[in-house]
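J.: The structure is given below, and queries will be raised subsequently.
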Amino acid sequence: MVMSIDNVRGFALATSSSAFIGSSFVIKKIGLKKAGDAGVRAGSGGYSYLYEPLWWIGMTAMILGEVANFAAYAFAPAILVTPLGALSIIFSAVLAHFILKERLHMFGVVGCILCVVGSVGIVLHAPKEKKIDSVNEIWHLATQPGFIVYSCMAVVVALILIFWVVHRTEQRKMLAYIAICSLMGSLTVISVKAVAIALKLSFNGVNQFIYVPTWFFIVVVVICCLVQLNYLNKALDSFNTAVVSPVYYVMFTILTIIANMIMYKDWASQNATQIATELCGFVTIVAGTFLLHKTRDMGNEQSESSSLRGECELQNH
């Protein structure tokens, strides 16, 4: 299947976004280590990293990555852009292997390959982006009964989780935090896409910021992002990152794809084979992501055990 020009642009922007974001984690970690050697570490409440140029370079790379991801939604459907976020894990893992000497286990390599294979399947069979000439068209789609029901359900479920579930259970708190982030994240993506298209049309000479819906979508982006970041930080602070990250990726991506299916009906023009291939690609990425996260520390443990065995042998001799 031949990709449309807009899908190629969206793919290029999403891939470059993953490269920037993945490399930013490694660059920031180097900056944090250097700052920690010279002052109080960030984990101990220090802010000496703010004076470290490498940390700011990493932050700049992350901002560039988010801008590229934002722009990708203006050209390609969410079914193409959102799953490609998993590629940032690959860039981060590979760079950490060579630069930070955080060894990538063989199963981690398999996880990377699975992510790439799944991404290729999605990219080659992604639906074409619908031609939109005004933000009012997006507003019309957003006010259809199907999406209004989804939006109301997402907000109601998020409020129940925030004010009832989170305060009444400890065992399911991680899932509650991630569900809140994912529900708000799906609405964020819908609104980000609307704002990105508005900017794209405005740059082409058709000002979209004279319309009220554009500003409504901007407000939704700000509110949902703040809620999303708050509960994602709580999840990461309270639970193992190796568990939180893949679960969040899966739940966020599934809800984002569902929201876009309901609103934009991306799959209406596709046949069963194309949809099945995209689903298989997504499942493959999920498997690769879990495998990569679960085996992230195994390479370091293996190298440490090898070093200890080497020291013991030297002592015996």
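Cβ from N, Cα, C; glycine included.
Where the annotation comes from TrEMBL, it is an automatic prediction and has not been curated.
These numbers come from a predicted model, not from an experiment.
What TrEMBL records for 12-32, 53-72, 78-100, 107-127, 147-167, 174-198, 210-231, 243-263, 275-292 is transmembrane segment.
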J.: Other than its close neighbours in sequence, what residues sit by the transmembrane segment (107-127), given a CB gap under 8 Å and a spacing of at least six beyond its ends?
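T.: Distant contacts of the transmembrane segment (107-127): 1, 3, 7, 11, 76-77, 79-80, 83-84, 86-87, 89-90, 93-94, 266-267, 269-270, 274, 277-278, 280-296, 298-299.
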J.: Quick check for me: are there 3+ Cβ pairs below 8 Å between the transmembrane segment (147-167) and the transmembrane segment (174-198), leaving out pairs under 6 residues apart?
T.: yes
J.: Who are the long-range neighbours of the transmembrane segment (12-32) in its own chain, taking Cβ under 8 Å and residues 6 or more past its ends?
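T.: Sequence-distant neighbours of the transmembrane segment (12-32): 41-42, 49, 52-62, 64-69, 71-72, 75-76, 80-81, 84-93, 95-96, 99-100.
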